[in-house]
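What follows is one structure encoded as structure tokens, with my remarks underneath.
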Amino acid sequence: MNYFPIFANLAGRPVLVVGGGSVAARKISLLLDAGAQVRVVANQLNAELSALAAENKILWLAEEFRAEHIRTVFLIIAASSDQALNRRVFQLAESCQKPVNVVDDRDYCSFIFPSIINRNPIQIAVSSSGSAPVLARLLREKLEALLPHSLGDMAEISGRWRDAVKAKLKSVTERRRFWEKQFNGRFAALVKNQQTAQAEQELAKQLEQNYQGGFVSLVGAGPGDAGLLTLKGLQEIQQADVVLYDALVSDGILSLVRRDAERIFVGKRARGDRTPQEDTNALMVRLAREGRRVVRLKGGDPFVFGRGGEELETLARHQIPFSVVPGITAAVGATAYAGIPLTHRDYAQSAVFVTGHRKADAPDIEWQTLARSRQTLVIYMGALKAALIAERLQQHGRSPDTPAAVISQGTLPAQKTATGTLANLAELAETAPNPALIVIGEVVGLHEKLAWFGENGEGENRVGQAYPALGGLNAGQRAA
């Protein structure tokens, strides 16, 4: 972090600006908006600043800059056209340990100005630490388009209601949960539509009826890449009091969890320690009964070999309210990143997902169905049984020459895709790090041509990177 982001209270504080031209005027406009008492040292002022001086909105010191000018001010901005003067201002300010900014000269600044999105009292600052000001400006423009102007009104109304909410809801957790609900509900919609009176009535109603019970949200984290987490999933993990996560949730996803939320690992791996499912179920119920907002965060999609159905049955049995946020399952995400289409008009008219890890008393797999040609077979948690899988498929008619792949660490920077055939599937799986996904079918043969991501991305049709910069800052921009 090159610069520490901080918001300064300038209301009523003296600020010195050296320079009387258009550059100085732009900074002075911001300072006046913040309530600063602006002193301008310059021999001449442009028309805009002259008008401000005539209206007594700024104090004009029509003289040469002197060291005495900086001694009684809070911060200093050098914005003259004289580079030598600007640098002298910097040196004197530094010697007095006063914050100083020389406009457009980063080496002579103890602080810099960010790009600002103003939804007063909500303010958002964007900075590239002076490295790429145009990029920071483009980001600001993108955020300006995304953020409704009603945010400021929403914040002002909320400020008026803070004391009432605090009196009604005693704990910080209760108050946070209440406001999260309002900012994502009907109150926010009313404010956006300029219906202020109705919005305040809605707040009063919600405060009176505020539900204090717990809640569980079953959230699919996707296959690993944090960029594949859904927007709804992100909202849920940033509103959680506690997150129960498994071993397939990547560090990138966990870094998005609200910082003060409790995180509890409840994962399991085929070769390692495991948290019994019954313990996880009981923990969800207990935490919800304590009135906490719980997120059960599961790799991939919670309803695709994630035992999500079993967990919801437990919650329903104990009358715990819940919701489900789907995620991108590994079979979809990992194969896409490996350049292996699950279906293709020339090679596969169907795709079948199956688990390689079954309950001990589960009925036998229908191998005849899985061995059909012109379909893609994706096997979760099958690496340890790869030899048996290959043997059974061949026994039921699948050719030993059928292309096969083992994808490890799918969608993550460490992703590896090992390809071969059904005949040597066991060898491919033996050296593959977990978590690994097995893909069998003619579509695997397209990997070499379509691979685009990571160290395997050497296909002849590779077109750049996973994400064009910022998704294309300009509408319609695509990878070249």
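Positions of Cβ are set from backbone N, Cα and C atoms, glycine also.
The active site, proton acceptor annotation in Swiss-Prot covers ASP246 and is backed by sequence analysis. Contacts of ASP246 (active site, proton acceptor) defined by a Cβ separation under 8 A and a same-chain sequence distance of 6+ are given as PHE265, VAL266, GLY267, LYS268, LEU297, LYS298, GLY299, in order along the sequence.
Neighbour count (other Cβ atoms within 10 Å of the Cβ, all protein chains): 15 for LYS268 (active site, proton donor). Taken residue by residue with DSSP, LYS268 (active site, proton donor) is part of a strand. As annotated by Swiss-Prot, active site, proton donor applies to LYS268, with the evidence given as sequence analysis.
Look at ASN43 (NAD(+) binding site): DSSP puts it in coil. What Swiss-Prot lists as NAD(+) binding site is SER22, VAL23, ASN43, GLN44, and the listing cites sequence analysis.
According to Swiss-Prot, the feature S-adenosyl-L-methionine binding site maps to PRO223, GLY299, GLY300, ASP301, VAL304, THR329, ALA330, MET381, GLY410. Its Cβ placed at the centre, GLY300 (S-adenosyl-L-methionine binding site) has 30 other Cβ atoms within 10 Å.
As annotated by Swiss-Prot, phosphoserine applies to SER128, with the evidence given as sequence analysis. DSSP assigns SER128 (phosphoserine) to coil in the three-state reduction, placing it in neither a helix nor a strand. Sequence-distant neighbours of SER128 (phosphoserine) (same chain, 6+ apart, CB under 8 A from its CB) are LEU135, ALA136.
Confidence across the region 'Precorrin-2 dehydrogenase /sirohydrochlorin ferrochelatase' (1-203), taken as the mean pLDDT and rounded to a whole number, stands at 94. If you look up Swiss-Prot, you'll see 1-203 marked as region 'Precorrin-2 dehydrogenase /sirohydrochlorin ferrochelatase', on the strength of sequence analysis.
Residues within less than 8 Å, Cβ to Cβ, of ALA330 (S-adenosyl-L-methionine binding site) and separated from it by at least 6 positions along the same chain comprise PRO223, LEU248, GLY299, GLY300, TYR380, GLY410, PRO435, LEU437. One way to see the shell of the NAD(+) site is to take the Cβ centroid of SER22, VAL23, ASN43, GLN44; the remaining same-chain residues with a Cβ within 8 Å of it are GLY19, GLY20, GLY21, ALA24, ALA25, ALA42, LEU45, ASN46, LEU49, SER80, SER81.
Highlighted in sequence order, GLY222, LEU248, PHE305, GLY306, GLY327, ILE328, ALA331, VAL332, GLY333, ALA334, TYR380, LEU437 have their Cβ within 8 Å of the centre of the Cβ atoms of PRO223, GLY299, GLY300, ASP301, VAL304, THR329, ALA330, MET381, GLY410, the residues recorded for S-adenosyl-L-methionine, and are not part of that set. Neighbour count (other Cβ atoms within 10 Å of the Cβ, all protein chains): 26 for GLY410 (S-adenosyl-L-methionine binding site). Put simply, VAL304 (S-adenosyl-L-methionine binding site) is 72 Å from GLN44 (NAD(+) binding site) when counted between their Cα atoms. Distance noted between the C-alpha atoms of ASN43 (NAD(+) binding site) and VAL304 (S-adenosyl-L-methionine binding site) is 73 Å.
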